[in-house]
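Before any comments, here is the structure.
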Amino acid sequence: MAVDIQPACLGLYCGKTLLFKNGSTEIYGECGVCPRGQRTNAQKYCQPCTESPELYDWLYLGFMAMLPLVLHWFFIEWYSGKKSSSALFQHITALFECSMAAIITLLVSDPVGVLYIRSCRVLMLSDWYTMLYNPSPDYVTTVHCTHEAVYPLYTIVFIYYAFCLVFMMLLRPLLVKKIACGLGKSDRFKSIYAALYFFPILTVLQAVGGGLLYYAFPYIILVLSLVTLAVYMSASEIENCYDLLVRKKRLIVLFSHWLLHAYGIISISRVDKLEQDLPLLALVPTPALFYLFTAKFTEPSRILSEGANGH
């Protein structure tokens, strides 16, 4: 095969784009930025992203998709209180919004029209921050080679958040206006207003810390799920199994946290060795059982009452 010989590319992410191919002859352009959907290989040629995302990549995308849903549910519960019977419908609507946004995001991604994406493999942390690796051959002129080396794991999250926001603005105000009669006019839309704040925050978080989140999200899930479960059980004054079983809502919260525990464990282990990693899921109920066995020594209800009395 005849290949057009040109000077080697400088920089970690600069590459040569294929301009012409005729049989065994390939002609490449000058060293520069790779087109969207491509990244450089070891020989500094831009190659299309044709691989399937790994399980860990899907788990990362699932984590980023869960963030707005969990925040929706939290603020719906926070502002609905005990007065309103509309919380359940708002929870279902938020789930529908995020689900539809995820499906449409996959459908509009390459290849278009199927629930499947092609991607480039993440090799190292710097793949997420190619803008930091633009070379300056003469220390004066900068060769701009910034592109999405982790295509499409970086930009697909922004597309998903945009669809989430659109669906929320189309569906939620109508639903809240119809069924949130138990709340005052100023309280009805507070969960929606909260979303208008946390979506920009999530967007900045992905833009700045996407690469860090990619490597840290399994541990973030485990730590936050453990902390929130302990806080919820202590705030609800759950000290034994009967307190846990007396309300369905408490069981739903418990099982939800167990799912998060399992999600974090699977993400950490990546299920590389199935027969070794699956038994780790038996650890999922351990934090809740540990809390129930030790609650009688700490007496959360006494601590809460003393805190309320200012002691």
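Cβ from N, Cα, C; glycine included.
Per TrEMBL, the features are:
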TRANSMEM  58-76  transmembrane segment
TRANSMEM  88-108  transmembrane segment
TRANSMEM  151-171  transmembrane segment
TRANSMEM  192-213  transmembrane segment
TRANSMEM  219-238  transmembrane segment
TRANSMEM  250-266  transmembrane segment
TRANSMEM  278-295  transmembrane segment
Same chain only, please: residues at least 6 beyond the ends of the transmembrane segment (192-213) with a C-beta under 8 Å from a C-beta of the stretch. Say none if there are none. 60, 63-64, 67-68, 71-72, 75, 79, 125-129, 150, 153-154, 157-158, 161, 164-165, 168-169, 172-173, 176, 220
Could you give the residue numbers and ranges of same-chain residues that sit at least 6 residues beyond the transmembrane segment (219-238) on either side and whose C-beta is under 8 angstroms from one of its C-beta atoms? 63, 213, 244, 250, 253-254, 257, 260-261, 263-265, 267-268, 287-288, 291-292, 295, 300-301, 303-304
Positions on the same chain near the transmembrane segment (278-295), where near means CB under 8 A and six or more residues out: 226, 229-230, 233, 238-241, 244, 254, 257-258, 261-262, 265-266, 269, 271
